[in-house]
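Undergrad: Pulled from Swiss-Prot, these are the listed features:
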ACT_SITE  Glu498  active site, proton donor
BINDING   Trp369, Asp370, Lys610, Gln611  substrate binding site
Amino acid sequence: MANKTKKPIYPFEDWVIRETQFSIDTNYRNETIFTLANGYIGMRGTFEERYSGPKNTSFNGTYINGFYEIHDIVYPEGGYGFAKIGQTMLNVADSKIIKLYVDGEEFDLLQGKILFYERVLDMKKGFVERKVKWESPTGKILEVKIKRIVSLNRQHLAAISFTMQPVNFTGKIRFVSAIDGNVSNINDSEDVRVGSNLKGKVLKTIDKSVEGLKGWIVQKTQKSNFSYACAIDNVLVADSKYEVSNSLEEDGVKVIVDLEAEKGTSYTLNKFISYYTSKDFDENKLVALALEEIEKAKNDGFETIEKEQEEFLNSFWKDADVIIEGDKALQQGIRFNEFHLLQSVGRDGKTNIAAKGLTGGGYEGHYFWDSDIYIMPFFLYTKPEIAKALVMYRYNLLDAARSRAKELGHKGALYPWRTIDGPECSAYFPAGTAQYHINADIVYALKRYVEATNDVDFLYDYGCEILFETARFWEDLGAYIPLKGNKFCINCVTGPDEYTALVDNNAYTNYMAKMNLEYAYDIANKMKKEVPQKYQKVASKLNLKDEEIVAWKKAADNMYLPYSKELDIIPQDDSFLYKERITVDEIPEDQFPLLLHWHYLNIYRYQICKQPDVLLLMFLQREKFTKDELKKNYDYYEPITTHDSSLSPAIFSILANEIGYTDKAYKYFMMTARMDLDDYNDNVKDGIHAASMAGTWSAVVNGFGGMRVYTNELHFEPRLPKEWNLLSFNVRYKGRKINVKLTKENVVFALLEGEPIEIYYFDKKILLEKGEIK
């Protein structure tokens, strides 16, 4: 159901999302909202007892971050260097199944009567709990309470506590706890952002076993040659005799518990679930590892896992919580967004954060530049150890990036536009491989990480390789063009705005490449002086010559940086201003998003933007532009930006804040803050918009909080919205933890952890010391 009026869907509460009635019409959407994940395992909010509703009103998804199948990318008319192999994150076995039968009648929300229904996502304690009072078709009434946890502490573990109580009868009840490996990915959508390129079932069951209350299966992919084990164990908590039976299915296992239930007595089945994959562990040890995991969990007990979850989240919220007083909707929205970011992010250096997190298979589970530019800052300034893992992920892809550059005839490394673990998976090169700016985006994230943490060891041991290989690439990609005054030009590229493709001198790309080249030159020279042995080691490994480093500086110094004297703005690229200008107001509302209604040739023909391009550059390299320049470019590009990308509104909110367009700043912030929670685009059923969620944090901290990070300096120019009474957030920077609190009366900075530090409040320099409030 489209939420065209943008009305709130869930009651406003600080720490929970509450669903108060079950409806077929909203079920699909709610499966995304009530997803639980831990950066490794993701379980959509489907019901333990399964769902018998109509087709296309549910998708039962369980995902393991980075676990994928490969497939050939088929082109009717291919070409050299086209991406050949696709990767798709797989929907793996559903292990959360607990069916309930009462005297042979199946507990099913689409049968009988629902007398009471409530489902709660508790973001402080990290669980989903569902309470149902249900009357069977023959009049038996029972109360059911189901609590689910995907452990943030134990990445391979999930647990469910399923409690039932007969209200008006005594009779036979049966729990059926199962693993169902007969699964596939969504592939019936015409929206390229949603469907999968994998057709039908791709996982083959190669081993399975069930004994007593315990069972497991092992499944293997057909082409990527990965396997995984899923194991379950069950504990019945009841003062009652029970009988256990079980069965092996073609692609799964069932554990059946039968008992006599008395009226008014509660019976609980606790289920412990574990997944291990051959991507990370020896294939022959997967079952043993999964069984060991659930054995430990069973011995510790469900309550221990609950307690661990709350403690983990308590630590997270101490750093990451943003407090807003004066708008309960936004308070709930930003916490929901941050909670899902934490759930979605890989923390092992081998995985990243997919565009849809672990809530759905949209975009095939691929990682994009979103994680480097939009998502990285949230973790960098709240949980820097997670930011480090994201940068390490890029280092671990470096060999694949080198191979891609070589394939395309270039030196150095070219990172894939979309991938899971290395190869380019974007089949549409004009909005894929041509977005070379991803190289500089990754370096920008690396640079920010090093500046914010002082982790020079990471830079010298790992990051410098990324830096030098990407600089090599830029110097090789560009050329000195006589008719451009012998400036260094980068031609035939696509910038962040995907509604303009294959252009010369995209401003964002050129400025970011210049930054990349300059940083590489500076770090190479710094390493020569400060850590000569480490420099020699990396120079030898990369066969790096001094003349290359000089060439980087020359390219950076001579970089062509577009500017229009006539309009006094930065043109998006060499051709952009020579196209017909069309404003968003001129396009009928039913034509959005344009990519689903217009041929790309028609889109490329106009001055029309999917998302900020020049304006994103101005945000990322804010110190290079005056406020007047920012305003002129904002005024030019805003009317022609469709915001068809969920990445768009947050940047517009931040910049509008600085310019003084306070109403626009708030409007754009509202577009991003509850985009998924209120299902603004009628597509949250397909999964969250992870980068937009991170953009919410940026819109608060960089927008209303006015935080800018210049080289080794924290600046604040806060502006509390008139709708709010208070805004409070924390920032981790260079080993310090700083609290920023805005009220209508004043702004207060407090150093909570670390050594004294100087910050800037507008143009005023302030020395913060621990224990002092300024």
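Using N, Cα and C of the backbone, Cβ positions are placed for all residues, glycine too.
Mind mapping these onto the model and telling me what they sit next to?
TA: Just so you know, the Cβ of Glu498 (active site, proton donor) picks up 23 other Cβ atoms within 10 Å once every protein chain is counted.
Asp370 (substrate binding site) falls within a helical segment according to DSSP. Cβ environment of Asp370 (substrate binding site): Ile353, Ala355, Leu647, Ala690, Ala691, Ala694 lie under 8 Å away, each six or more residues apart in the same chain.
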Undergrad: At the level of the C-alpha atoms, what whole-angstrom distance separates Gln611 (substrate binding site) and Glu498 (active site, proton donor)?
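TA: For Gln611 (substrate binding site) versus Glu498 (active site, proton donor), the Cα atoms are 8 Å apart.
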Undergrad: Around Lys610 (substrate binding site), how many other C-beta atoms are within 10 angstroms of its C-beta?
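TA: The answer is 22 other Cβ atoms.
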Undergrad: Provide the number of Cβ atoms within 10 Å of the Cβ of Gln611 (substrate binding site), excluding the reference atom itself.
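TA: Total other Cβ atoms inside 10 Å, all chains included: 22.
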Undergrad: Cβ within 8 Å of the substrate site centroid (Trp369, Asp370, Lys610, Gln611 excluded): which residues?
TA: Phe368, Tyr374, Pro496, Glu498, Ser645, Leu647, Ser648, Ala691
Undergrad: Fill in the CA-CA distance, Trp369 (substrate binding site) to Glu498 (active site, proton donor), as an integer in Å.
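TA: So the Cα of Glu498 (active site, proton donor) lies 13 Å away from that of Trp369 (substrate binding site).
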Undergrad: To the nearest whole angstrom, state the Cα distance for the pair Lys610 (substrate binding site) and Glu498 (active site, proton donor).
TA: 6
Undergrad: Would you work out the biggest C-alpha to C-alpha distance among Trp369, Asp370, Lys610, Gln611, the residues that bind substrate according to the record, and give it in angstrom as a whole number?
TA: 16
Undergrad: Which secondary structure state does DSSP assign to Glu498 (active site, proton donor), in the simple three-class scheme?
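TA: Looking at the DSSP assignment, Glu498 (active site, proton donor) belongs to neither helix nor strand, so coil.
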